[in-house]
Protein chains: 2
Amino acid sequence: MMRTRPLKVALLGCGVVGSEVARIMTTTADDLAARIGAPVELAGIAVRRAGRPRPGVPEHLLTTDAEALAGRDDIDVVIEVVGGIEPSKSLILKAFGNGASVVSANKALLAKDGAELHAAAAAAGADLYYEAAVAGAIPLLRPLRESLAGDKVNRVLGIVNGTTNFILDKMDSTGAGYSEALEEATALGYAEADPTADVEGFDAAAKAAILAGIAFHTKVTAADVYREGITEVTAADIASAKQMGCVVKLLAICERSADGGSVTARVHPAMIPLSHPLASVREAYNAVFVEAEAAGRLMFYGPGAGGSPTASAVLGDLVAVCRNKVNGTTGPGDSVYAQLPAKPMDEVVTRYHVSLDVDDRAGVLAQVASVFAEHGVSIDTVRQQGRDGDAALVVVTHRATDAALSATVDKLRALDSVRDVASIMRVEGE
Amino acid sequence: MMRTRPLKVALLGCGVVGSEVARIMTTTADDLAARIGAPVELAGIAVRRAGRPRPGVPEHLLTTDAEALAGRDDIDVVIEVVGGIEPSKSLILKAFGNGASVVSANKALLAKDGAELHAAAAAAGADLYYEAAVAGAIPLLRPLRESLAGDKVNRVLGIVNGTTNFILDKMDSTGAGYSEALEEATALGYAEADPTADVEGFDAAAKAAILAGIAFHTKVTAADVYREGITEVTAADIASAKQMGCVVKLLAICERSADGGSVTARVHPAMIPLSHPLASVREAYNAVFVEAEAAGRLMFYGPGAGGSPTASAVLGDLVAVCRNKVNGTTGPGDSVYAQLPAKPMDEVVTRYHVSLDVDDRAGVLAQVASVFAEHGVSIDTVRQQGRDGDAALVVVTHRATDAALSATVDKLRALDSVRDVASIMRVEGE
C-alpha cells in the first residue's frame, strides 16, 4: 500500500547533472513512486541565474534563493549538485537542521568535511548519501559500504578521473605528448578550460579519500592523500612503459598496511601491466579494482562522469533515502570505528621505474647500482641505451619504501656521472 | 551506542560456503558488531551428518536437526546455504514464521519460488536477501536493486557460470574439444562429478531469472528462461568465432523489448567480439554487463563461485539484515510492480552465425541465400570454403527474430544441396 503524501525534494543546482536529475524525476515519476513506496515531488530548484533556457526543467520551480529552499521545513530530501565547499556545506547543514536527508555529488566537500556532515546527519536522524561523488554512475560506495560489509577490504586501485584517463589513453594510442593530448581533450569537452583539478590529481585525491574512508572504516580526508598529477608524464614515459608491457594510468590507490594497523591513500601516475584489468580501461571510462580478503579481486567499470550517468547515481540515492524516510529509518552512516592512522607517502611500499641520463662510460652503471644498494633498494632490471656521448639508463626496482627511493634519487642527482633524473614512475598492479 | 543483546544467527548448511561463513563470523566478530551496531552470535549450525572433521567450526553448535534450529524462536537471522528446493524452502518458511530474516545463496529456489518467499518475508516483516545466489562475491543484486533504483535498466548480459567459462576459455586458448576441456575442468575441481547443472545451463538460467526480475521490476522464473548449454559447442565453432574476431561465451541475457512492454531472458552460447569487455573474462571468473538508460554501460567483475567469495556475499547480506533488525525496519523487498510479460525465445531479435555443409557446385549459394531471403532474414556476410566435393558455408545474418531463423534453418535442412546444418550460434554484444 502506497502512502499518498508525496515526499518533497529540493534540488540545489541545475547544471549538467541537476537538469538531468530534474528531467528524469519528471519523466519517470511513476517508476520512482513504485520503487519508493510513495510519490516523490520536485518542490523547488535553486539556480545561480534565472532566465536561462533550461529545456525540460519546470520553470515555475526555479528560484535563486538556495538558502530559503534548503531551509523550507516541508522538504524531505535535499539534492546538492552545486559542488565546491561553500555555500554547499552551509546549505547541507541547513537541510539537516530541518531533518531533511541529503543526496550529494560533492566529492571535494565530502573529502574535506565528510565527518562533520555525517555527524550532522546522525544528529538529525537523517541520511547523507553520495554515490555520485565517486566514479559517476558506477555503483561503488554502496557495494563497498554494504555488499562488502562482512568482508575485509585490503586494497582499492582505481581509475577515477575520466579526463586524465582520456589524455593518457590518447598519449598511449597516438604517441602524442601531454600538451597535445590535453588540447584534444579540451576540444572534445573531456577537459575543462581550467583543467587543474583533473590534471593535477585534486579530483582523484578527493575520491581516494572517500574510497579509503569507506573501504577501511576509518577517517581519511583529502589532506591525507598523497597527490601527483599527470602534467609531467612524457611521451618517453609512455614509450618506456610499452617496452615493459605496461600502460601509464593515473591511479587512486588506497591500501591497508601489511600489519593492518594503518592505511595509505595516494594518487599518482603509475605503470600497470597490460594484463591487469585496469589496463584496458580506455578513453574517459572509470574503473575501480577492489581486493577483499574473502571476496577476492572485484572490478567495477563504467562511465565516470557526464550528466546522465551522474544523475543515475543521484537518483539511486534519492530512492534509497526516500525509502528510508517512508520507513522511518536511516541507512548505514559513517563507519569510522577502525580509527586507523593514515600514514604518509614515505611509508608506502611499491616498485619504481627510474629513467636516468648518464655519461656513457665504464663504471657508471656500477656507481648507480651501488647507490640503489646503499639505500636498500633492490634492482629488478636495468636497460641501458647509448646515445652520442651519454646514455639513457632505465632502472626498475623491486619493492621498496618511498622514503628509500627518494633518498636514492637524491643521491643519484648528486653524482657527477648522472646528468639528469629524467623521470620516476611507480609500477603497480603486479 | 551499541545494544548489548546479541543478534542470534542460525546457519543451515556447513559445506564449502557454510564453513567459511562460520569461520569468518567467529574470527571477525568485533568488526561485524561494529558494522551492525550490535554483537552477532552464531547460535547453531545444521549439518546433514555429525562427526565429520570441520576445522574452525565450533563443534558444540552443530546439530542434525535443521528444522528445530530454523524454528527456534530466539533466532533473529537464518542463513541458508544448503541449496536445492527442499528442505530449504520449508526451512526458510519456518524461519519467516518466527519473524526471522533470511540470507540465502540458493539460486534454484529463488528462481523457482522467489515470489512466494518474498511474500512470506513481507508478511513476517522480515528480510530475504540473496546476493550470493548470483555471481558469488560480485556485488550485483544490491547495485541493480538499489544503486540503479532511479534508472531504467534495458539489458543485462552476463557470464554467470564459472565452470562453463573455464571450459570455453580452455577450448579457446588450447583448441581442445568440449570433452577434453570438460575433463580438465573436472580434474582441477572447476566442474562437479555430474556437471549437468553447469554445462546444460540450468545454473545460469536460474541466475538469469533472478537478474531479469530485479533488473526489470517484474516476475521472472527459471521456467521463463530459454536455455541451451555448451555441450554442443565444437572446436570448429570456436575457430569460426576466432575468424570473425569473436570468442564463444555462455551468456545469460535479459532484455527489455524495444517497445518496453515485455522482457526476455535466455541462456545460450554466443559469439561476442573481442572488443567487448566480457570477451576478456578468463577462466572461472564471472562478469555482468548492465546497460541502463542514464548510467550507460556498466560492468561488474569478480570470482563467481568458491567458498570464500560466496561467504563474503552472504556476510554482506548478514550485516544488512542485522542492521535492519536493529533499526526495526526491512530493506527493499520484491519489486515486481512493472508486471511485464516474459516473452518466449521466438520473439528474441539477434544475429546468427550458421555453418552449413553443402554440395560444392554452382547455384548452391544462390539457393541457400534465397531461403534466408524468403524468411526475411537478411545476410551480413558469407564465407565459403571448398573441400573434396563438398563445401563449408558460413552465413552471418543481420538482426532477425529467432522464429524467422528457425524457419529458415528448417527449410535449409530440407534442401538436397545442404548436407548438414553443422551449427547455429547467436552473435551478441555488438
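Using N, Cα and C of the backbone, Cβ positions are placed for all residues, glycine too.
Listed in TrEMBL for this protein:
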- B:Leu12, B:Gly13, B:Cys14, B:Gly15, B:Val16, B:Val17, B:Gly18, B:Ser19: NADP(+) binding site (BINDING)
- B:Lys107: NADPH binding site (BINDING)
- B:Glu192: L-homoserine binding site (BINDING)
- B:Lys207: active site, proton donor (ACT_SITE)
- B:353-426: domain 'ACT' (DOMAIN)
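Known features from TrEMBL, placed on the structure.
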residue  : record                    : DSSP class
B:Leu12  : NADP(+) binding site      : strand
B:Val17  : NADP(+) binding site      : helix
B:Lys107 : NADPH binding site        : helix
B:Glu192 : L-homoserine binding site : coil
B:Lys207 : active site, proton donor : helix
Within 10 Å of each Cβ, count the other Cβ atoms, then let me know which of the binding-site residues B:Gly13, B:Gly15, B:Gly18 comes out lowest.
B:Gly15
Take the C-alpha atoms of B:Cys14 (NADP(+) binding site) and B:Lys107 (NADPH binding site) and report the distance between them in angstrom, rounded.
17
Determine which residues of the same chain, besides B:Leu12, B:Gly13, B:Cys14, B:Gly15, B:Val16, B:Val17, B:Gly18, B:Ser19, have their CB within 8 A of the center of the CB atoms at the recorded NADP(+) site, and list them by sequence.
B:Leu11, B:Glu20, B:Val21, B:Ala22, B:Val81, B:Val82
For the domain 'ACT' (B:353-426), the DSSP residue counts stand at 24 helix, 34 strand, 16 coil
Pick from B:Cys14, B:Val16, B:Val17: which of these binding-site residues has the biggest number of other Cβ atoms within 10 Å of its Cβ?
B:Val17
Could you check which of the binding-site residues B:Leu12, B:Gly15, B:Lys107 is the closest Cα neighbour of B:Glu192 (L-homoserine binding site)?
B:Gly15
Counting other CB atoms within 10 A of each CB, which of the recorded positions B:Lys107, B:Lys207 comes out lowest?
B:Lys107
Alpha-carbon distance [B:Lys107 (NADPH binding site); B:Gly15 (NADP(+) binding site)] in Å:
16
Around the Cβ of B:Ser19 (NADP(+) binding site), other Cβ atoms found within 10 Å total 21
Could you list the residues of the same chain, at least six apart in sequence, whose Cβ is under 8 A from the Cβ of B:Leu12 (NADP(+) binding site)?
B:Gly18, B:Ala46, B:Ala66, B:Leu69, B:Ala70, B:Val78, B:Ile79, B:Glu80, B:Val81, B:Val82, B:Ser88, B:Leu91
All-chain count of other Cβ atoms within 10 Å of the residue listed as 'L-homoserine binding site':
13
Please report how many Å separate the Cα atom of B:Val16 (NADP(+) binding site) from that of the residue listed as 'NADPH binding site', as a whole number.
16
Given the binding-site residues B:Gly13, B:Val17, B:Ser19, which lie close to the residue listed as 'NADPH binding site', meaning Cα to Cα within 10 A?
none
If you average pLDDT over the domain 'ACT' (B:353-426), what do you get?
93
Nearest to B:Lys207 (active site, proton donor) by C-alpha distance, among the binding-site residues B:Gly13, B:Val17, B:Ser19, is B:Val17
